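Visitor: First the structure, then my questions, so here it is.
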Amino acid sequence: MMGNGDLERGTATKNRNQSYPQTYGAYDMEYSDSQWTSWLVPMIVVANVAMFVVIMFVNNCPKNHNGVQGDCVARFLGRLSFQPLRENPLFGPSSSTLQNLGALDWNKIVHQNQAWRLITCIWLHAVRVGLIYLLSGIGGSILSSLFIQRNISVGASGALFGLLGAMLSELFTNWTIYTNKVCAAATSLNKQELTAAALFTLIVIIAINLAVGILPHVDNFAHIGGFMTGFLLGFVLLARPQFGWSERRHRPADTRLKSKYTVYQYVFWIVAAILLIVGYAFLTLLYALFSVFGLID
């Protein structure tokens, strides 16, 4: 949401997707002198964090994990430690725990009348996705604050664009995994063409959403900043071991894959990490210079 004035003074506000008319009146003038604190968003954040802690407590990886997929991650956390990355690469609980606690399952919803899963699945998370969401929102806010200085702006679209960007980079960095899995599901079609079609579809969706930002009263700087942050974070946080590594590592040495990740995955990871650090440092420096020379009101 982007506005052209101060909410507490009753001036107009502009949403990233819609606008509101300007209003004046005795109520507005009286309300402008009052102080208020937003409590809804912090409560939702706290509720999500608390829910994640409860999920990991119930999951209890050290006790319930059989060790076949590897060791629990961050075992020093005790019951709150994460499942092995080969089982859950997003730093979270096991699939069985998620299913027991209300994950979305079409069969259970349709055939077992468990419609409540449509609601409970919203509260089940993974650390990496949450981290991408949060940092993308911050990245979008930083870029927006530099270029939109005379309007207010609120909303989660920057963070959502970050998730779109992460989806795109995750497809790039795990390309061989998807092509091999697609081949097994549809052997009659060219696996590269199917994966390329999925990539093209995702790019079209992103392009359409960015094009919407050209419309008046839409904070496209937050969209672009969030998208770029999520795109780079996807290379850093969502890289998966190359296809067949988990199975072949148990074979004799002469038949094993030499590396867990491919060369291009390492290159993507290094370049993306450098760009993230340099980008955030540059924006911070730019913001400081703008403040010193009075370019920011």
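Placed from the backbone N, Cα and C atoms, the Cβ positions cover glycine too.
Found this in TrEMBL, in case it helps:
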type     : residues : note
DOMAIN   : 127-239  : domain 'Peptidase S54 rhomboid'
TRANSMEM : 39-58    : transmembrane segment
TRANSMEM : 126-148  : transmembrane segment
TRANSMEM : 154-173  : transmembrane segment
TRANSMEM : 194-215  : transmembrane segment
TRANSMEM : 221-239  : transmembrane segment
TRANSMEM : 266-296  : transmembrane segment
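Any idea what these are sitting next to in the structure?
Guide: Non-local neighbours of the transmembrane segment (194-215) in the same chain are 16, 161, 164-165, 167-168, 171-172, 175, 178-179, 182, 186, 223-224, 227; each lies 6+ residues outside the stretch with a CB under 8 Å from one of its CB atoms.
Listed as Cβ neighbours of the transmembrane segment (266-296) (distance under 8 Å, sequence separation of 6 or more from its ends, same chain) are residues 139, 142-143, 145-146, 149, 169, 172-173, 228-229, 232-236, 239.
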Visitor: Note the mean pLDDT of the domain 'Peptidase S54 rhomboid' (127-239), expressed as a whole number.
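Guide: Value for the domain 'Peptidase S54 rhomboid' (127-239), mean pLDDT as a whole number: 82.
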Visitor: When each of 39-58, 154-173, 221-239 is checked against the transmembrane segment (126-148) for Cβ pairs under 8 Å, which one has the most?
Guide: 221-239
Visitor: Go ahead and report the DSSP secondary structure tallies for the domain 'Peptidase S54 rhomboid' (127-239): helix first, then strand, then coil.
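Guide: With helix first, then strand, then coil, the domain 'Peptidase S54 rhomboid' (127-239) has 89 helix, 2 strand, 22 coil.
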Visitor: Determine which residues of the chain contact the transmembrane segment (39-58) at the Cβ level, with the cut-off under 8 Å and only residues 6 or more beyond its ends counted.
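Guide: Beyond its ends, the transmembrane segment (39-58) has Cβ neighbours at 77, 79-82, 92-93, 97-98, 100-101, 123-125, 127, 130.
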